[in-house]
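Notes for the one structure printed next.
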């Protein structure tokens with residue numbers, strides 16, 4: 001079992017590493033490519049667009065051909081794209097490389113969640129996804145630090161060579177450690193069960209909405225945090241970095257505590273707790289009389305996301321034993337596109353950073369609480385399948 005957990009964690013971590021590691025080198029990248037930093041900030045959106053594009057086909061391929069046939073080319077593409085970015089001499093080529101990086105990371109991301117659905121029952125999957133969420137929270141803190149250390153001795157291109165090395169490690173794991181987990185193709189008599197795993201299932205759709213809103217909350221916070229903390233609250237850049245490191249610490253603490261909480265409380269209880277924390281955070285930020293209270297509200301955001309997201313993802317994947325790849329893709333596309341759409345629309349309409357965050361917190365909590373209380377799971381399905389090792 002440990003091989004599947006190690007491979008799944010490695011496959012997922014390409015996604016945040018591709019976002020965070022290069023940011024520290026952005027000024028030098030812009031100077032060398034004769035582009036402004038503002039022009040290159042679109043590289044974040046281009047990367048997410050690549051991920052979303054990969055998710056359109058990766059899930060279906062993983063269900064038809066297997067997990068390894070998607071993980072291997074996905075990690076290989078991430079390696080090639082990282083090298084391409086390091087060799088880029090214009091901003092256009094650099095952005096093209098970032099899109100390809102997103103394609104590779106998206107393939108690996110989808111496969112990771114499909115593997116966990118294949119190999120773990122509901123309760124263990126919820127615990128593992130909570131742990132995975134905690135590990136993912138470490139990357140935004142460690143990646144810029146690692147990038148800074150690399151750039152003390154080497155040019156910015158070395159950041160992408162470091163990403164390529166990460167991709168090589170994932171490729172080696174996919175080739176030599178990961179074993180195929182896709183359930184054997186169903187017999188004709190099992191076709192009705194395959195067809196019953198509909199993406200239009202009310203319970204699945206409710207969890208898609210909940211996880212998409214939750215991701216929108218956390219990405220809104222990440223995107224607005226420089227404005228909130230430095231421009232509105234007046235913190236210096238060093239203080240901002242310290243606060244963000246502390247919020248990552250809060251996220252990790254609650255993520256690593258959630259598996260123990262699942263041994264005591266029902267998953268539904270933790271999901272309700274998560275949304276209550278979001279609601280409390282929104283109210284706290286709305287009425288905050290001081291910076292200290294506002295910072296407390298921010299910690300509630302991190303705690304709420306960490307307590308509930310892994311549980312909600314596990315519940316979303318639960319009904320799908322034969323279509324776990326497609327379900328994972330659907331979740332990923334909804335989360336990436338939904339959160340990006342909200343942030344874009346709020347910016348176009350002219351909603352300020354503070355109100356943008358408060359609005360999504362309150363909307364997420366109210367909608368999610370209603371869905372948790374009134375949309376119950378359908379008929380029980382097999383928690384997980386026996387692993388068939390394909391030649």
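Cβ coordinates come from backbone N, Cα and C, glycine included.
If you take every residue in the topological domain 'Periplasmic' (25-37) and average the pLDDT, you get 87. Per Swiss-Prot, topological domain 'Periplasmic' is recorded for 25-37 (among others), and the stated evidence type is sequence analysis.
Per Swiss-Prot, the feature topological domain 'Cytoplasmic' maps to 59-75 (among others). If one looks beyond the topological domain 'Cytoplasmic' (59-75) by at least 6 residues along the same chain, the residues whose Cβ comes under 8 Å of a Cβ in the stretch are 7, 11, 14, 103-108, 110-111, 114-115, 118, 167, 170-171, 174-175, 178, 180-182, 322-330, 390.
The topological domain 'Cytoplasmic' annotation in Swiss-Prot covers 120-130 (among others), and the record cites sequence analysis as its basis.
As annotated by Swiss-Prot, topological domain 'Periplasmic' applies to 152-157 (among others).
Residues or ranges marked as topological domain 'Cytoplasmic' by Swiss-Prot: 179-202 (among others).
The feature topological domain 'Periplasmic' is assigned by Swiss-Prot to 223-244 (among others), with sequence analysis given as support. DSSP labels the residues of the topological domain 'Periplasmic' (223-244) in these numbers: 18 helix, 0 strand, 4 coil.
Summarised by DSSP class, the composition of the topological domain 'Cytoplasmic' (314-330) is 11 helix, 0 strand, 6 coil. What Swiss-Prot lists as topological domain 'Cytoplasmic' is 314-330 (among others), and the listing cites sequence analysis.
What Swiss-Prot records for 352-355 (among others) is topological domain 'Periplasmic'. Note on the topological domain 'Periplasmic' (352-355): DSSP counts are 3 helix, 0 strand, 1 coil.
According to Swiss-Prot, the topological domain 'Cytoplasmic' annotation covers 377-391 (among others), on the basis of sequence analysis.
Taking Cβ pairs closer than 8 Å, the transmembrane segment (4-24) reaches residues 43-44, 47, 51, 71, 74-75, 78, 85, 101-102, 104-106, 108-109, 111-113, 115-116, 119, 128, 132, 135-136, 139-140, 143-144, 146-148, 151, 156, 159-160, 162-163, 166-167, 169-170, 173-174, 177-179, 181 in its own chain, all 6 or more past its ends. Taken from Swiss-Prot, the feature transmembrane segment covers 4-24 (among others).
The transmembrane segment annotation in Swiss-Prot covers 38-58 (among others), and the record cites sequence analysis as its basis.
Look at Swiss-Prot and you will find 76-96 (among others) tagged as transmembrane segment, backed by sequence analysis. With a threshold of 8 Å between CB atoms, the same-chain residues lying at least 6 positions outside the transmembrane segment (76-96) that come near it are 14, 18, 22, 29, 33-35, 39-40, 42-43, 46, 103-105, 107-108, 157-161, 163-164, 167-168, 170-171.
Distant neighbours of the transmembrane segment (99-119): 1, 4, 7-9, 11-12, 14-15, 18, 46-55, 58-59, 62-63, 67, 70-71, 73-82, 84-85, 125, 128-129, 163, 167, 170, 178, 181-183, 313, 317-318, 320-321, 324-325, 327-329, 331-332, 384-385, 387; these residues of the same chain sit at least 6 beyond its ends, with a Cβ under 8 Å from one of its Cβ atoms. Residues annotated as transmembrane segment in Swiss-Prot: 99-119 (among others).
Summarising the annotation, Swiss-Prot assigns transmembrane segment to 131-151 (among others) and lists sequence analysis as the type of evidence.
The transmembrane segment annotation in Swiss-Prot covers 158-178 (among others). Packing against the transmembrane segment (158-178) from elsewhere in the chain are residues 3-4, 6-7, 10-11, 13-14, 17-18, 21-22, 24-25, 67-68, 71-72, 75-76, 78-79, 82-83, 85-86, 97, 101, 104, 108, 115, 146-147, 150-151: each is 6 or more residues past its ends and has a CB under 8 Å from a CB in it.
Tertiary proximity for the transmembrane segment (203-222) is limited to same-chain residues at least six positions away from its ends with a CB under 8 Å from its CB atoms, namely 140, 271, 274, 278, 298, 301-302, 304-305, 308-309, 312-313, 315-316, 319-320, 327, 330-331, 334-336, 338-340, 342-343, 346, 356-357, 360-361, 363-364, 367-368, 371-372, 375-378. Under the heading transmembrane segment, Swiss-Prot lists 203-222 (among others).
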Answer yes if the transmembrane segment (331-351) and the transmembrane segment (131-151) have at least three CB pairs under 8 Å among residue pairs 6 or more apart in sequence, and no otherwise.
no
DSSP-wise, what's the residue breakdown of the topological domain 'Cytoplasmic' (59-75) into helix, strand and coil?
15 helix, 0 strand, 2 coil
Cβ under 8 Å, sequence separation of at least 6 from the ends of the transmembrane segment (356-376): give me the contacting residues as numbers and ranges.
202-203, 206, 209-210, 213-214, 216-217, 220-221, 224, 228, 268, 271-272, 274-276, 278-279, 281-283, 285-286, 301, 342-343, 346
What does the DSSP secondary structure composition of the topological domain 'Periplasmic' (25-37) look like, as residue counts for helix, strand and coil?
9 helix, 0 strand, 4 coil
